[in-house]
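Here is the structure we will look at.
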């Protein structure tokens, strides 16, 4: 039952404003309640639900409730149903399920008090689900007083809050804020350039002397001897021995402190307390990601301060001799300093947890709260930790654990502060009404509680979990060294030219897991030391640090302990390892791993065997066995019993929580369908609807939650409409699983036994890695000189730390180190990561805006200094000049502001993630696959774990091929051949290169008469493809020249850099030492002009290009070739100008559409329909159509794009294709084409389940699609 109350006009306005501003600020909670009959009057009525105590507002008989940010799917379906009545019965079904999903959500943000009549006294009042302020006692002094004056977090005035939410996101973060964030991230990255602390003049002199000395030497041993003489001479002459050895012997903390003094510093106190206080200030500004960075740094510095204090105390004890009163006081001081300050540590963990809750990262928030609780015995923030962990458990649907934490917090909070008491009682009330089944871990916990309620089972369970994390042994780590490979994969040695290959010994169907392999050695890229786990390479928001060096960071105690046993225990505190290059670090870890494996394999054997092993290794170094084939272990593993783990996507925003899984236990319910009133924050146009639920709008870990988009001018005024009331009944148990959770089995492993047959296990061995071809003869003199120099420095380091690292004495040799350095240039895998580029995009756009504003201001100043007549003449002259300059108008000087376009980077509708190399690894077994520009395998990374699957069916005897980077789907033939030769030292002769395939096949302009079938018919156009003639010798020469030019440029840039003035490498760096990097230039994800890397063909010699048709043999050269090339360049320029004007400047005029259509017309006349260049224009036209509210045209161009991609790929096994299908389904859903939408969503979900990458976009999209599919399923169930 519901009870009605009357509101005054002023009160109703307050309520409406507050409801508008609850979008995105509250947290979603799952409920089920019944509505009584609605009064369809013209007044404003407040309704209090008797079951949940929720305050519901009615305007003209329609519900106005606080819909959490992201429930735009519900609004989409409502708008569809209102405007498309032609769908008949399915209309009511979708509408009914929409009301169910929306009515079960409650917002925890407090609304203004209303005058209640006969309100139930037992109903709890709504309070804030999360305390939006950091711990009160830890705030800066200037902020403590306002917080003490209020008993609970206050909400800004309604009008002020509305204005705040309506402004675009970029107005919340101005250019200064983004500059600060970039500076902060760069300073906290702990990124010291390789060997940057060497004296610059010494390093330059060494490199120049090396290059000159070995330029005419061909023998490798002679080069090494010459470099050794120069190296030793320069060390003695320049007295640089002290500088080199000081770096080798330095500690990690010492190098970080030294480097920090000469890099960017901030105006606050550089202590743990200073960083924590600055984090509190940013938290008050709701910059949660920035605050979290500072809290992390505060925790790291706190550990360093403890270590420094302990070292200082020990020195004092030694000086005082430990006797008398002085020694006793020193001991007391040591005890005081070494004891962690619980209040500081607990407040840091509590604040980090609160940031994670506001970022809606509930799983990480629960872990962080547990860390704080483990440190705290009894503290003023203990109740907050329990309270916030309860919130995290509640949103993770672990209601039993949430209830326990809320009860603990309730008990503690009664003794201290009652600010959160109402919210805790509200949560407990909700959990009581939601009788949901317990999850597996909760059932175990409940059984323990029932056995002995008086025992400390929680503490025992936590201790057992910690013991399991700590109990990491060498044997458990060695188990990961075994690679799991399908038994149908066979390794052979084909020839000296081809080398080793992997071949299918039997038929292998598509989507079969072929390889599962952990890296033999790996390391993070230095630019991402502060963002990823050192062990598993997964992104972390709240890291924990090594207590000894305070540098290595991990996502959990398990990773910390595992890495400590595996490698960090030997490397901890050695400063040289954080400044050497990643190639040098991999070589050091490779030799250390070899020594560890050797000692494990030779336990209990005689002492003479190491000498025999040394002799064998020396022989293998002189004559490496390039034909070595690894043999499988005797036993096989049934993959049906050991299926690969497929990670479930987790929600990162509240937008995808339909909340029907939290329905109450009654089997039937009754609901009344109504149409909600369109408010200022509800998207009412096609562009806003798609922008608010854009599938590429992922909430990043490093940016605060996006605010609802402001309405366009056409939808600024609110409107309301009502429909006929429909009553229905349904079985709630059938809708209970509508929301996805971690327990839902969405990714069922295929049951086809052919996909999971027997698998062989291969032990990762150093012998296989040592057999890789080092390509000594292919490395240039410059690169060889640099590697020899690095080898001597590494040798010097290993001589000093041989025992600590456990490296065999025979491996401390320049020749061994140099061999591995040369090998790793071609056999290193680059592990991809996805970086949020929102800040850089907004910053560049803001800079463009500032430049435009400055130009306008200058023009206004000039005009104000002139007479009115002259001013009018000047304006007319300017208009005429603008009309005569097509490059400025209408493309650049658009009247539309940049935020008017829904695909502007300011509107969160562009692809926010770009791919970059976050780490490097060596996978021995996967390295045996050869390259093809049209590969038949697909790589998937889970952190640093590698899985390789068959992309499509592989026949018996067919070679299993990977892709080293350049792909025929993306890159032209010339670019592929040059890049592969420069990076991997071979001329590609794969099928795609032999057939001269590329992303842009050119039509044959010729025609012929079909005299055999129809002698009198008109000429028929030739269906062949124009293939360009390529001289391989000239191409190799061009590749060598290009490589030399690049090395000269790099050398010049290094000379121009000042000492210690080094910034992190750009995201689009040209370092391509990776194995599979085949998504960098993706045509389907080029919605960002700053990230766009279009590889247009370079036509330096227009007249001497030679083409020949593959079918009719017609030839094009001379003027014809020049004309063809000119038309291609014109179409490229038209497309680039139109695309940048649309995305960068927000120009949505008809002129832009005309320009894109003209470019499309030119490209259609030149290229075949499957051309990538044609697909790029289809993608741009679909974006343009959405921004112009033309959904039908957007769907048309998107379908053409999908057809273009499928015809070019030859299959549909692509995550990019799945994203395009998801966009198409979203557009059809907005247009009311329910059947087409459901079909597109089904295809997108099917593709992404099998072929999703580790891009966060894929998980976000897949989560949205699965929710929508379940919504359609629920609608069909209701219809039955």
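Counting begins at 1 with the first residue displayed.
In case you wondered, yes, glycine gets a Cβ from its N, Cα and C as well.
Residues or ranges marked as Zn(2+) 1 binding site by Swiss-Prot on the basis of sequence analysis: 533, 536, 555, 559. The Zn(2+) 2 binding site annotation in Swiss-Prot covers 546, 549, 568, 572 and rests on sequence analysis. According to Swiss-Prot, the feature coiled coil maps to 439-468. Positions annotated as compositional bias 'Low complexity' by Swiss-Prot: 16-25, 117-153, 659-697, 712-726, 854-898, 1042-1053, 1061-1079. Per Swiss-Prot, the feature domain 'SET' maps to 822-965. Annotation source Swiss-Prot lists region 'Disordered' at 1-35, 111-167, 601-642, 659-726, 854-905, 1039-1079. Residues or ranges marked as repeat 'TPR 1' by Swiss-Prot: 272-305. Marked as repeat 'TPR 2' by Swiss-Prot: 383-416. As annotated by Swiss-Prot, zinc finger applies to 533-572, with the evidence given as sequence analysis.
Ranking the binding-site residues 549, 555, 559, 572 by how many other Cβ atoms lie within 10 angstroms of each Cβ puts 572 at the bottom. Here residue 546 (Zn(2+) 2 binding site) comes close to 552, 553, 554, 560, 564, 568, 572: these same-chain residues lie at least six apart in sequence, with C-beta atoms under 8 angstroms from its C-beta.
The separation of residue 549 (Zn(2+) 2 binding site) from residue 555 (Zn(2+) 1 binding site), Cα to Cα, is 16 Å.
Reduced to three states, the DSSP call for residue 572 (Zn(2+) 2 binding site) is coil. Cα of residue 533 (Zn(2+) 1 binding site) to Cα of residue 549 (Zn(2+) 2 binding site): a span of 15 Å. Cα of residue 536 (Zn(2+) 1 binding site) to Cα of residue 549 (Zn(2+) 2 binding site): a distance of 19 Å.
The record gives 533, 536, 555, 559 for Zn(2+) 1. Within 8 Å of the mean position of their Cβ atoms, the other Cβ atoms in that chain belong to 532, 534, 535, 537, 538, 540, 554, 556, 558, 563, 943.
Taking the C-alpha positions, the distance from residue 559 (Zn(2+) 1 binding site) to residue 549 (Zn(2+) 2 binding site) comes to 16 Å.
Sorted by the number of other CB atoms within 10 A, the binding-site residues 533, 536 start with 536, the lowest.
Here the domain 'SET' (822-965) has a mean pLDDT of 67 out of 100. Those residues of the chain, other than 546, 549, 568, 572, with a C-beta within 8 angstroms of the mean position of the Zn(2+) 2 site C-beta atoms are 252, 548, 551, 552, 564, 569, 571, 573. All protein chains considered, the CB of residue 568 (Zn(2+) 2 binding site) has 22 other CB atoms within 10 Å. Helix first, then strand, then coil: DSSP counts for the repeat 'TPR 1' (272-305) stand at 31 helix, 0 strand, 3 coil.
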